[in-house]
Structures are given as structure tokens and as C-alpha cells.
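Enquirer: Let me begin by handing over the structure; questions about it come next.
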Amino acid sequence: MAGLKRKADDRAVSVKQEKGASGDRFAKRPRKSDVSVDDAKPAKSPIVKAEKPPQKSVLQDEERAFPRGGASVLTPLEHKQIQIKATQDVLFEASGQKRGGGDGLSDLGSEAEGEEAPRFDKKRKSKKSKKVHLQEEPEQKVKVEGLSYKKLVPGTIALGQITDVTAGEIVLSLPNNLTGIVPLTAVSEQLTARIEKLVKEEEEDNEELGEPDNDEDVDLRQMFVVGQYLRACVTSTGENAHVNGATKQKRRIELSIDPKMVNGGITKSTIPINCMVQASVVSNEDHGLVMDMGLDVPQLKAFLGKGELGQKKIDHAKVQEGAVIMCLVTGLNSDRRIVKLSADQQKLGNLKKLAYVAEAATIDVFLPGTAVDILVEETTTTTVTGKIIGSLIATADIVQSGATGKGDDLADKYKPGSKVKARVIYTFPNADPKKVGVSLLDHVMSLSPRLSGKAKDKKDPLQALPISSIVEEAQVTRVEPVTGLYLDLGVRGVPGFAHISRVSDSKVDSLSDSIGAFKVGSKHKARVLGYNAMDGSFQVSLEQKVLDQPFLRIQDIKIGQVVKGKVQKLVTNKKGSTGVLVNLAEGLTGLVEEMHLADVHLQHPERKFREGATVTSRVVSTDAEKGYIRLTLKKSLVNSDVQPWVSYSRITEGATGPGTLVDIKPNGALVQFYGDVRAWLPSAEMSEVFVEDPARHFQRGQVVNVRVLSVDAENERMLVSCKDPSAAGSEKDAAFQSIHPGDIVQGTVVEKSTDLATVDLGHGIKGLLRLGHLTDGSEKKDKSTMTRIRVGGPLEDVVVVNKHLKSRTVILSNKPSLRKDAQANKFISRFEDVRLGETVRGFVRGILPDKIFVEFGAGISGLLFKSQLPDEMLTAPNFGVRQDQSITARVSHVDAGQSRFWLSMKPASDAPTTKPIAAAATGEATVNSIDKNIKSTADLNFGTVTTARIRSIKDTQLNVHLADNVQGRISIAEVFEAWDDIKDKKHPVKQFKMNDTIQVKVLGMHDARNYRFLPITHRQGKIPTYELSANAGKLNSQDDLLSLDKISIGDSFVAFINNVAERFVWVNITANVRGRVDIYDLSDDLSLLSNLEDNFPIGSALKVRVKAVDPAAGRLDLTAASSPSAKSLTLQDLSLGLILPARITKIHDSSVVVQINENIAAPIYLEQLADDYDLAKPSERNVEDIVRVCVIDVDVPNKRLGLSIRPSRVLNSSLPVRDPEVKDFSTLDIDQVVRGFVKRVTDKGLFIRLGPHVDAFVRVSHLSDSFVKDWKSQFHVDQLVTGKIIAMKEDYKNPQMSLKKSIVEGTYVPQLELSDIKVGQIVTAKVRHVEDFGVFLVVDNSRNVSGLCHKSEMADNKVDDVKALYKEGDIVKAKVLTVNPAKRRVSFGLKYSYFKEGDDDEDEDEIDDENDDKGSATGSDDKSVASDDDVADDDAEMRSVYSAESEEDVEMEDGDGDDGRLAEASADAGLSTSGFDWTGATLDFDDRKAASYDPSDEESSKKKKRHKKATIKEDRTGDLDAYGPQSVADYERLLLGQPNSAELWVRYMVFQRELNEIDKARQIAKRALATMSPREEKERLDVWTALLHLENDFGSDDVVDETFKEAYQYNDSREIHERMIKIYITSGKLDKADTLYQSMIKNKSFTPTPSLWLSYAAFLMSTLQPPSPSRARALLQRATQSVPESEHRYLTTKFGALEFKIPNGDPERGRTIFEGLVSTWPKKGDLWDTYMSLEMSHGSAENVRALYERIVAQKMKKKRAATVFRNWREWEQEQGNKKDVEKVVRLEKEWKESKEGGDDE
């Protein structure tokens, strides 16, 4: 057998070698280190003798030697597995080894365990044996290894996922629970160059300007995102403690993502399609990114298009130079110089169509990140081994193979010999032969983060289970004996892993899955230590010490939290400050700085804080990135009851709390709270008394209780005070308010410094007297005066200059000049006190190179320009003045509109810009004056009436000439005298024309540079511009000019808009008075406010009324609305029905918040948003929109306001209202169908909001006709529902409502109460329980009203066996015999005699016959009881009681078999047949059986059949032709003869749809499609269309999409698309039609057809709401790129025609299109004819004539010319103009003559 075996093996090998498949099977490559079976003979080894696998190998090879003979029962794959196993067994026994591990090759526990290794005899070796050795020698077993820290070597390349990005490094999650760090300098060469450039610039700037802030220039957080996949190369490994706040020391792995390092192995010639490369951004261009792959090939470029970036994570505009992106190679250009890349997630990670490398020139291109196709060679329970393109070994360990999760067994999922898709995730640089690690996990394959949860509710696993969370019951799902446990943590799809060192506090050597505490299925308490994004698994610990640990990470510690710890040691920094390290938990240590050790300074802190001592501290701040925790041991902070201030947004003004002084400066101190919250404490707020030097009273580290004065959360600024708020009493406030600027006061000096004196003015009010305010003299004199002031001495007659409200201080002055003005009431404390030309006295506030700010009282300041200073001051430094120096100057200009004024220190005669009338008596001579009486400008004085000529017309003014050298301006506010004089209110100046002469009156001068009005004395510039007026008002002097102090509230004016701002419209009422109109107040019609530019253009006129005027501030507020202004209203002023403008400020799901004015805001709930609740969508409104609101409810005590924006409320009460308002219970009625919004979902039902004060309640039993298990998921707050009011009683808090479709659409019958049951009443009931003495019945549609029918009342004859007659669930008709309300007892009777009156002479057989033929005797004289049911039905059902099943059968048979009933049955009766057989099996009339009254009694049934009389049946099938089908049976009968009639099937569907049987209509459509012949394409298409109509009206969006997809798979795709679009348009779903059109123009099979583009353009221009002509016009360019060139002319012609025909079109644009067409094809007569027809129907007569003239001017053939002239002549005749007709005749004659003359020549 041994020899035979060798021959067989030899033959097998030779065959394989001939096939050239040496590289296909990795188990056939010989190794020098392998030991041959024949090289050593085993001695006395029973194991070898008993070995059977070699015998199987012989059989296998023998079968191969005879391929044409019989076949083995084993498959080739099984043969291969047997051979490999046999050769491996021999190999291991020959080498004396034992296999171990969980890879399926273990010999542990086998029969050979413990046996001595066999020995081999080398003497029997021969040449033949050598050949056998080469053939049978197996390859070494491929060991599946996972990535681990010990096996990591520099050069290892792995795929990682970003889990964190800081400013300076990237944290990458690597496979097998490893984490690596990418430093800032290991990203890319481009980024490194940027950093070096910034450093160089920073060094240069530091030498010149100091330290600039360039931190934001390079920030990795702006270049990378969490979840992004990158390929990384290991550069070094080492130890690093506390990385990112970890709980214990971690080994640091440093990585590089530089393309040069991670793309090794890829060259220009070996770049395969679909491989993954990592590239860095070289530059950001308009169309994409130029990338560098780091291949050192200068001529090779890479480009990542803008459209290939994807839509989720990468924003093209924000991509920076140096950023690194892992991309997919999608192609190369023809010369292979440009590599096309893609970073689109849909291409990289589409699992359904994964882009993998199918061919490669070298195995070096299979780098991590690349998707590959693997041929599986071996699968164990935990690993998968295979080969890539037959050469490269690929392994997937237990984690990456997916063996850790719940699912199929790997052996079943990845069978040997099958091919699977995988992604390479790491390499083994030192492996020989080469191999790579791959991942079969879905999230790695798709390059996306792993998510947990159901398909519709996917979320990040860390959101479901954050790190440090404790899982109470973690169930063990898998046990790896030497590795650890895999657990189910309750997060769907994400397992947890506990390393063997983490399962117990004590050491565990091995684990078992069947025994012990950690067996499979056992549950344990676990804590999450971390999460690895690549593996998609949590790292957990079961150790009790970890479970008991208070914190695991810095992130677990909250700022402001009180924590306990133990003193670790005392430390000292370089400055000598002592701190304490406090151990809070394992690996977490906090630092207590010296100033936080105690509330007082400790001389010997080591005595108080000994190592190991337990302390209680509070967390001051944490920084997880830097890994520090700062604590405080101050008792005042630790024991404080105040909630720690950790965020500016949570701090309110007036709040008080403790803080720590961290920096003290002369003007205040910096107060530190918790985290980054800091505040500034001004020195003025440190104490009620003056604090000269804060450092003398406060020390660093001191805890102070402060009160918040102001907080700016956005800018993170806060101002605090240490003053006692109770110290400022009402008396002090009153005294402070009584002091005004300009008052003369006296006080006592309480403190004094070299430059400031503090004065007590009484009542605790402090005044500040600066050094510069002591005298009007020099600085030396001021200092001399300060020396004479003594503390405690009086200070009299000082002037109040200003007040500071926040600090409650008063600024004083002792200047005699200011005191003199104050005593004479000339002290300037308001802007109105400034008079033009007056001399004023003030003091220097600030000095700039070109001007001086001069301050007066109350902070008012004027500008003293350099040009207005005396010459001697110009040469002196700072113009020879100092801060607070006294200044005397003259007011040279006053701008009341801007509240500004200018000063001058030059004499009035020297002012170059001022030409007083008296000094300019001669003036400048006029040139060509319009008014000959004006000889010079001296003749132009205030009030002078003259003539001017209009030279230009602007929106807001008329520019005129008084002479060639004298210009003038007439403000539009000075043109019209009255409102009626304005002809065009929007464009008033249109009634004037150029060169018109008008009478004007001189008002003053106009400063063209600053656009302001000046008095006539200010004649500036070479050519002065005069301010003129064209109205005839009486202005005798300048005092008659209108000013703000002459305007009162309520005055009316005509105003003209000159500027539109964000919130106001600025208007002029005269040339010198300007006011503003709030946008709310522009009009009563708020719809006009949506387009201010069109409705209120610049220059338009308004009738305005004064709302408020403030001359001091120069403010004038006007209104153009007739209704009272909303701004002046209070809540008490509002009344019901008042309509006001409001502005939307917030938008919520259930309401819109509007603001009427600064004090009044209120929400508008859904039911008040629209008259049709379908339109009540807050999301469709925008913040800042202006709306009209109507007041519907005012509750002043509770400060509540109800508003409505229903159109019926705010526009017109006669507008249609679909959903009327429900104000109270009285507006509701029983059976009223109303709609409302879900307000609250409770366990007992829903509360529906019907109105502001009315909420209806819907019980769970009334939510749906069908049972809904999880009914809460079907409803949500603010959902719109339709229901019917079913109960409204006084004892009900809420009206009862039902949402059942059967109740809402039908007539609801209230449920019967016991009180409604009367003796003798006939009711329908159901058998609830059956006893020997009778049956218990429950009345239908009742509130559990039940009673007993004794067996004596069941039948007219004696009943022996009750249970034989009735069973539970039977439906019966019963008569009420007795009612006992006290005991709530009801007795029923079921006797036939109770219900049947009349002929009792008929025998039982006749009754049976009548029952069998029920419904046929339509004209029967039988009397019935008071019931709505059919008489025959009553008679048939009273004699016996049917079960639910038998009743359905009877109804089914009768409904189909009774011909006489078909003609007269209503539609409802026809459809009431339950249990209808849609296959048509029940239509066999010959085989139907009569209904049986008692199905349980077969003998009785047979007896009745024998006595059944023959009945005469009338054939009414002819009625179908006369009346059409009227019932289900009619339709079924007709369909038997016409199964391919789409019309009949569709009518059948409509019949069911009208009965609201939507499901049945849907089933009919499915039946039709299954029944109709496939050749009837048109008929089937009509059925599909009807089904689409049905689903569109009643189905969900998902059902519609699914039906639509199925429809275009079985029909013409374009036809179905077009029909679906028509369905959407007719149903009003225009957005869906638009979306479908967009999908069609992306389909290349549709786009060549011009009709698609034309229909879409027409849809966009006319059908879509709002129309979008711009989008329609943009289609033309796209269409010409898709349709054939031969269709371009036709397509362009139709697009041009749309511009004429559609109302939203632009005829001018259409003319432009046609002009281009006729210029390109001038000889195409059809183009001219189309152009002409459009002009005739939509253009003017002039255009038509001009077009005809152009046509006849061209060369034409005689026939064409005759047609053109005839059409022209007929058109002119229709116009009725004989002259034009004659002209056409003449032109025709001339054309003929010229044509004949040309022919003669």
C-alpha cells in the first residue's frame, strides 16, 4: 500500500504541475525545514501503524488517476481537507510536536497524548522516497495572529479610525484595542512646511512687534474629523503615563500618516484601480483638490474632484493645505500622469457594490484600507485564513472575523473554497511568507463608524453606554480560555470584552465556557473602561476594585464637585510655592495649589497634610487634554452651599457667590470661580469706602463673596462687586436721582490722593473731583490747589458734571468757568443747549492728531478740528493742551439729525468756511442766471423767491440750476405742499421733467459731502449748493424752519422715504427734519412688508403721524399705520379682536412666539396658525417675519395673552374655514367631527388640543379599530388627528373623543347604559358564557350590560341540552324580559315567538324553505319587529343562533348565490359579504349548498334538505347591461368573461374605494395584474396607473415608492414616470413631482428625448408653487448637452415659445431666443412662422409688422412669398387698418416686380 500511495501521489502532483497551478494552493509549496515522512522511519510506533488518513489519501489519488471511471461520494473539497489533515498529522508526529490551541489542529486530549515521539530510520531513504517527500510534504500551518503591542515594530502599517483630535495631535483607534498618536509634525510634508513658515514668521514678528497669535493658523481640529479612517505607519513605541486622562499607564504608540510613509509599495506602474491611497492636499482649486501621494514621481499628479468629496464629512471650501485624506483610485488618464481619486463614502464603502482590487502587478499594493477578494482556505470557530489573488496570505483573527458577535458560525458563513470580500487593516513587516491582516466587520468594510440599535434608530455606542458606565447584568456570550470573556452589555450589535486580567481582583489562570463562575450565560456586574472604534467593542472590567472606584477618567469628574481623596505627597515648583497632590482614584491625582490649601496662609503645610491623610476637596478645574485636575481645600469653598459657577450662561445678574482673587491690580482684581469662569472686580466695587490701593486690603488667594453686576455670556465677560447691596437704600437712591448735571452742590472731603479727591455729598453719595477740575489755570495751579484741600474739610460750590449710574458716583468740577455757566443757566447738559454761533466753555476730554474732543455736562462732547485751532496751538505738542484743561470755543456747526456739533477757536472773521451775509454783500456774480433779477449770490438770502431749471431728477431730490455757476437742490420733502398734489405716491418725482423751470424759495445751504442741511450763512466750497423749497409755504425767517422742538405727538406730515434700514425706514418731512418709521408701522396691510423694495421704494410718499419725539436725543418716531402703534400698548390696553403687527422671534414644534413690542410677547399655538390645520406648520415660517395677529384672549392677572393669525381673524371673516375655532364646550356637539393636535400622551389615552381652553380625551380603546400593541409609538405630541365627539357630560372634565375610522366616517351610536335598557326592547347580543341552566349574554355596543337567558326562555319547545345549542361567541337577537337596576340584573328571552308575529300556520318545512331562500321574497307581507335589518334576514336568524364561523359561511353563499337580490341590493349590501373568495372559487352556482341553521346537527341538516321545496329563480343577468354591476358578485361575474379588461378591473377598484375598502381595492389590483395576459401591455399599464393612484391617495410614502419601483420594472419606465408625475400633480404633491423630474433628467435613457425637458420646464414655470422660471431656463443648457444635435433647433424653439405662452415667462427673453434662431437658420420658414404666431398672440402689433417686414426683406421663393403676403394681408384686415392693408399690397407688388426684373436679367 505504501508503494501504491507514492505512485498515486506522484501522479496527482504531476497533473497539477502540468496545469500550471503551483501558485493556486498554498499548502503545496515545499519547505526546507519540513521533515518528510519517508526521511525517517518510525520505530515501534503503534500510532503510525494504525494511521488511516494515508489510506484515504491513496483512494483519493487513485480516483484522480482514473478520471473517467466511477466517482467518489466525497466532494473534491472534502478530499482536500482529508489530505491536509492526514499530512499534518504525520508531520507533527514525525517532528515529535503536539498541536495545541483553539485553531482546530490541537492534539491535546487525543489518544496520542503523552506518547513518545516516533523515530524514523534514515537507511530506507531512496530517490523515489524523495519524490514522494516533495509531493506529500505539507506547508507550515499559517498562524493567525492579531495585532498586539508586543508584535508592533516600526514600519508596521495599520488602518485606524480617528477618535479624538486636538490642536496638536490626532488619536487613532487601531485594531485589537490599540491606540496610537499622530503628532502635528507627522501628518504631511505640506503641513510641516506650513508650520515651519509660521514659526519663521513668528520669530520675525517677535523681533519687531512682539508675540502674534498664530495658533489658529494650523489647527488639526479644522483639518480632521472624528470617525475618519486613515492609514498609519508605526514610527516608535514607548511608555507614557496618563495619556488623555487615562486611568493607568499606557504604552504610547507614535504613528505617521504622511503619504510617503504609508503608501510604500505603490509605484507609478503598479497603481491598480480601486486600491486605496493616502494623499495630502497640495492646493485647493475651484473644481477640486490637487493631491500628493508621496510617490516621489514629479510627473505623476493626483486630483480629487469637488464632486468626489462626498456630502457627509468633507466641505470643499474648508479643506486646508496639508490635510490628509484616504482616497480610492478610480482611474488614470490616458498617459497615466494624473490619478483620479475619490473620497465619496458611497464609492469607498458601498457594501452592495464594494470597490475591490481584482488585479495587481505586485502584492505590495495590498496596503491597509484596500478592499480585496479572498479565497477562503481554512475556517475555525474564531479565525478565517485565505489568500488574495492566490499569492498573499490573509488572516482574520477572532475580533476582525466577527466571531465575537452573535450570528452564524464562521464555518458556515465562510466555507473553504468560497470567496469573500474583506478589507486589509494591518501588515506584518517581518512575516515570511508575506501576509496581511484583514477585517470582515461591516463597519470597517464600509469605512464608517460602528453604530448600535435598530435600523431606523442607529446611534453611537458611546451614547448608549458612555465610558465609566456600570452594567448591572452583563451576560457572558463567549469564553476564550486564555484571553478573556466576551459579554453582551445590552447595546445591540456591540459586544464587550473583559481581558482575563480584568475578570477578578484575584489572578485567574484560565477560563471555561461550561463550568466555573464565568461560563457562557452567566451574568456579572461590569464597568466600561473604554471603546475601540476599529474593533467596534467595549473594554470592560469585572474587578470589584474597578467597580468601587469613584472615577476612571478625568472626564468623569465634574467641575465644582466635592470629592474625597488621600494626600499623596507635597510638591514644590520652581517659584518655591508648595502644593499638595491628592489621589482621588487609581491613576487620578489632583493638585492643590498653595493659595488653595486653606483660607489662611499656612507657614508649615507639611504639618497639616501628611501622606495618606484623607481630605475633602472641591474640583476647581479640569483639563482632560493636558491631564490635570485642580482642587481646593479652602473650607469657604468646599463647604459653600452656593451652586458652583461653572458656566457664564448659568449666571444671572444679582447672583451672589464665593470666588478667589487670583490677580490684584491697582484698578481692580481678577476673581476666579470654577472652570474658565472669571470676573473683573473694579476697585470702586471692592468696598463701600474708597479703596486707594487694592493690594493693601486684599491678597492673592483670598476668598471673597461677590455679587454679579453684569454678565456677557457670549463674550465671556462678567463684572462683580463686593459691596453690600443692602447698603444702597431707597433714601440714597432718591438723593442720587435728585442730583443732575449742572447742579451746584457742597460736601466734605473724605479721601485725597495726588490727583483725586473723594467728596461725601451726603446720604452716602460720593463725588470725585479730579486734579484737572480744580481750576481753570495751569497744571501747577491745580496741584497747588490740591495741596490746600484737607481731608474732613468742606468743599463748597462745586458743579456736578456727570453721574455714573453703575458705580453711583458723581463727577465734580471746581472750575470757575463752569461754575459761572451753571449759575447763569448756560451750562450745557443737553444737546438742545447748544446754539449755533454761541461761545461755550468746556474741558478737554481727549486729544487726537487731527482733533480735540471737548466735553461739557452729561457726557456731551463737541469736535474741535485742527483747522479750527489758532496758529500758535498748531505747533505745540498735543496742541498745547492737557486732559481736563478748560477750553473756550465757538459753536461753528450743529447737526441736529446726528446730534453732533463742531467748535472753533478762531475768530468769526477768520473762519475760511463761513461767509456771513453781511460780509458777502458783493457776493459772486452769477453767470446766465435763470432769474435775471439775481445778479450775484449776495441776492440769494433766506426766503428769496427765484426761478430754477431742473437739470436732473433723483428719487429723493431735484437737482436744479439757478445759474451756470450756482447749483441748487430741492429735497422731495420740499416739493409738494399737500398729499393730494402727489400724483404717483410711489414715484412722486415722475411728474417732473428735465429742463422744466419752477419757482423756488431759498432755505439754506446743503453740505453735499455730509448730506446735511446748513443755515444760509454757511456758504462752503467754490460752487455752493443751495437748499431750496418748491412749495408756497410761509417761511419769513430762519426761525420759521421746522425743528424737533416744534413737533408734538400726534402731528401729521407727509414724509418721503430716503433710506431703508434693517428695522426702520428713514424719512424726511422737511429738508432739515428727518425721522424714522418702524417697519411695523409702515402700513396696515402687513403683506406689503414682505417686499419693501417694491412696495415702499426710495422716494415714495407716506402719510405719517408723530408717535414720539425727543429733541434732546434728536429722535423723531413716526407711524404710517392707522391702527394704534403696538409699541405704545401695554397688556391692559389690549382688547379682544384687536389686530396688531408682530414679529416672529422663536419657532417651536407646537407654537410660534411673536413679539408685539418690547414688553408684550406671546405664543401662537398650532390651532391658531391657520384656518386649515394642514397648513399649520411652524417650520414653514421664519424668524423676523412680520405677521398680523388678532387678540383672542387677555388674562391680565396672570399676564397671559392669546393670539391668532388665522386668515379669518386677521384678514376677512368671510374666508373659508375648514377647521373652526373651538372656544369652549358649547361649541361642540355629539357626533361632531373635529380635528386637533395631540397635547399629551398618557398611559390611559391621548389629550387632544381643540382650542385654547378645550382639550378632548381619547381612551386607548378608541384609538383604532384594530388592535395596536405599541400604540404609543403611533402618536406624538403636536400630531394632527381627526376624531368624533362621542360624549359630553357635566361630570366629564374633558369631552370624550374617538379616533376610530369606523366611528369618524360613520354615524356613531353611543354605548348603551343599564338605564337605557327597557323591558320589551329587542337587542343584539353575544353569548359570553354557557351553563346548563342558561346562557349569559352581553349586549352589543353597551358598557358591559349583561344578563341571563334561562333555558326556559330559549325556545318555544323544551331545551334539554343548552351547550348543544349555543357556544361562547355566538351572536343572538334577544328580548329584554325584566330589568332590576338595583341589583343590575337583566333577564333575556330568545324564544322565536318573541320576534315572529303573523302566519303561524306554516309548517316547519315551509319555514325552512323560506329561510333557505331568504331575500328572494322582497314583496313579502310578513311583519317585522322595529329593526333596520332586512325582514328575511330577521326571520332566518331568529330561529337559531349561528356561530361566527357558520354565519360567515352562510352570508358568503347567499351573497353569491341569490340572483334575485343582485339587482336591488345596495352597494353597501353587496360589500357586506364577509369571507369573500378573491380567487372566484365561490362562483360555482351549481354546487352551492343551502345554509344550515344548526351546523352541529348533521342529521337535521339532511332532513331539511329532503323537505326543501323547489323555488323559482328569476334570471336577472340582463340587468347588468341596463344598470351595470352593482355588487361584488356582479363584478366577479363580469370578470369571468372579461379577465383582460382593464376598464372593468379599475371600475371594480373604484367600487371598493368608494366603500372605503382600500385594502380590498389594493388586492383587486394585484389580482388583476396576476390574471391579465402579459401581452395586454396597455391594459396592464392602466391597472398599474390605478394602483398608483390608490397608493398615492391612501398609502404611505414608502408604499408609494415601493409600488412605483415595481411598476416601472414591469412596464415602460418612462411612461410610468410620466404617469406618476401626473398623479403627483393632480394630487397637489408638487414637491414630489419636482423630485421625480430631477431623477428623470439624471437618467441617461430619458434625457435624449426633448419632450422630457419641455414638460419639466413647463412644470417649473407654471405648475410648481411658487414658480421657478430661473430653474426652467437653466434646463435649456443642460438639455442641449443631452438631446441629439438634430433636435437642438426644435428644443430651443419650444423653450422660446414657453416664454411667450406661460404667464411667468418673459416675452423679451423669448424674443432673444428666437432672434438667435432666425439668425442661425434664416432660411427656415417654420422658425419665422412660429415666431410670428407667438408675436400675434402675445406681442404687440408693431412687433408683428416689424417681423413681417424683416421676413419679406429676405430672399424667398414665390410660393413662400405668396403665403407670407397673404397671411400678412389677412392679419392687417383683422386689425381693421386699411392703410396698412394697402401697404402690404404695395409691398407684395414691389416684390413681384423685383423678382420678375431679376429673372429677366
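A Cβ is built for glycine as well, from the same backbone N, Cα and C atoms used for every other residue.
According to TrEMBL, the record shows the following:
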REGION    1-74  region 'Disordered'
COMPBIAS  1-42  compositional bias 'Basic and acidic residues'
COMPBIAS  49-66  compositional bias 'Basic and acidic residues'
REGION    95-139  region 'Disordered'
COMPBIAS  121-132  compositional bias 'Basic residues'
DOMAIN    155-258  domain 'S1 motif'
DOMAIN    274-344  domain 'S1 motif'
DOMAIN    468-543  domain 'S1 motif'
DOMAIN    560-634  domain 'S1 motif'
DOMAIN    654-723  domain 'S1 motif'
DOMAIN    742-815  domain 'S1 motif'
DOMAIN    837-906  domain 'S1 motif'
DOMAIN    943-1019  domain 'S1 motif'
DOMAIN    1050-1121  domain 'S1 motif'
DOMAIN    1137-1206  domain 'S1 motif'
DOMAIN    1231-1300  domain 'S1 motif'
DOMAIN    1320-1391  domain 'S1 motif'
REGION    1399-1463  region 'Disordered'
COMPBIAS  1399-1412  compositional bias 'Acidic residues'
COMPBIAS  1427-1436  compositional bias 'Acidic residues'
COMPBIAS  1445-1457  compositional bias 'Acidic residues'
REGION    1490-1518  region 'Disordered'
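A description of the local structural setting of each listed feature is requested, covering burial, neighbours and distances.
Expert: Per DSSP, the secondary structure of the domain 'S1 motif' (274-344) breaks down as 6 helix, 33 strand, 32 coil.
Break the domain 'S1 motif' (468-543) down by DSSP state and the numbers are 3 helix, 36 strand, 37 coil.
When averaged over the domain 'S1 motif' (837-906), pLDDT in the model lands at 87.
With helix defined as DSSP H, G or I and strand as E or B, the domain 'S1 motif' (1050-1121) counts 13 helix, 34 strand, 25 coil.
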Enquirer: Give the residue counts of the domain 'S1 motif' (1231-1300) per reduced DSSP state, in the order helix, strand, coil.
Expert: 7 helix, 33 strand, 30 coil
Enquirer: So, taking each listed stretch (274-344, 560-634, 943-1019, 1137-1206) in turn and counting its Cβ pairs to the domain 'S1 motif' (1050-1121) that are under 8 angstroms, which one gives the highest count?
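Expert: It is 943-1019, which has the most Cβ pairs under 8 Å.
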Enquirer: Within the domain 'S1 motif' (654-723), count helix residues (DSSP H, G, I), strand residues (E, B) and coil residues, in that order.
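Expert: Tallying H, G and I as helix, E and B as strand, the rest coil: 7 helix, 35 strand, 28 coil.
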Enquirer: Count up the helix, strand and coil residues in the domain 'S1 motif' (1320-1391) according to DSSP, in that order.
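Expert: Looking at the domain 'S1 motif' (1320-1391) with DSSP, the answer is 7 helix, 37 strand, 28 coil.
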